[in-house]
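**Q** Please read through the structure below; I'll follow up with questions.
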Amino acid sequence: MAGGVGGRVVVGRHVYGNLYGCDSRVLRDEAALITIVKEAVKVANAMLLSIGSYRFGPGGGLTVFAVVAESHISIHTWPEHGFATVDVYTCGDHTDPKAAFDYIVSQLRPKRVEVFFGDRSMYGE
C-alpha cells in the first residue's frame, strides 16, 4: 500500500457516510440493494468473497454487507427516515473505495450526503 510519513504506512482507505432524503422504496428493496453492492465491488476493483443481507422486521430497514478480499462494503438503511449509511473500506493500491462510495450514492440518490475519509495506518518498527 502507499507509503507514509515518519514510518507510518497506510494499509487501507475508509470512505463512509450518511445519506439523507433517499427514496424509502429503494431502501426497502433487498434485491436492488444487493445488486448495488455487487456492482460497487466491481467499481472498487475488489474481489467479492461473500454477500449477505438482513431485514429488520417486515418493511423495516436492511443491512447488505459484502465481504471482499480487501475488506468490506456495506449499506444500512432506515427507510422510515429516508436515511442510509454506507461504509467502504479497502486495502491495496489497486482498489478505489471512493469510486465505490460514489457509485452507491448515485444509485440511492439522496438529497444530502455527508462523506468522511480515513486512512488505516500502522507504524513500522
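Quick reminder: no glycine exception, Cβ is built from N, Cα and C everywhere.
I grabbed these lines from Swiss-Prot:
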- Ser71: active site, schiff-base intermediate with substrate (ACT_SITE)
- Ser71: pyruvic acid (Ser) (MOD_RES)
- His76: active site, proton acceptor (ACT_SITE)
- Cys91: active site, proton donor (ACT_SITE)
**Q** How far is it from His76 (active site, proton acceptor) to the residue listed as 'active site, proton donor', counting Cα to Cα, in Å?
**A** 21
**Q** Rounded to a whole angstrom, what is the C-alpha distance between Ser71 (active site, schiff-base intermediate with substrate) and Cys91 (active site, proton donor)?
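**A** Cα of Ser71 (active site, schiff-base intermediate with substrate) to Cα of Cys91 (active site, proton donor) measures 7 Å after rounding.
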**Q** Tell me the Cβ neighbour count for Ser71 (active site, schiff-base intermediate with substrate), meaning other Cβ atoms within 10 Å of its Cβ, over all protein chains shown.
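**A** Counting Cβ neighbours of Ser71 (active site, schiff-base intermediate with substrate) within 10 Å gives 22.
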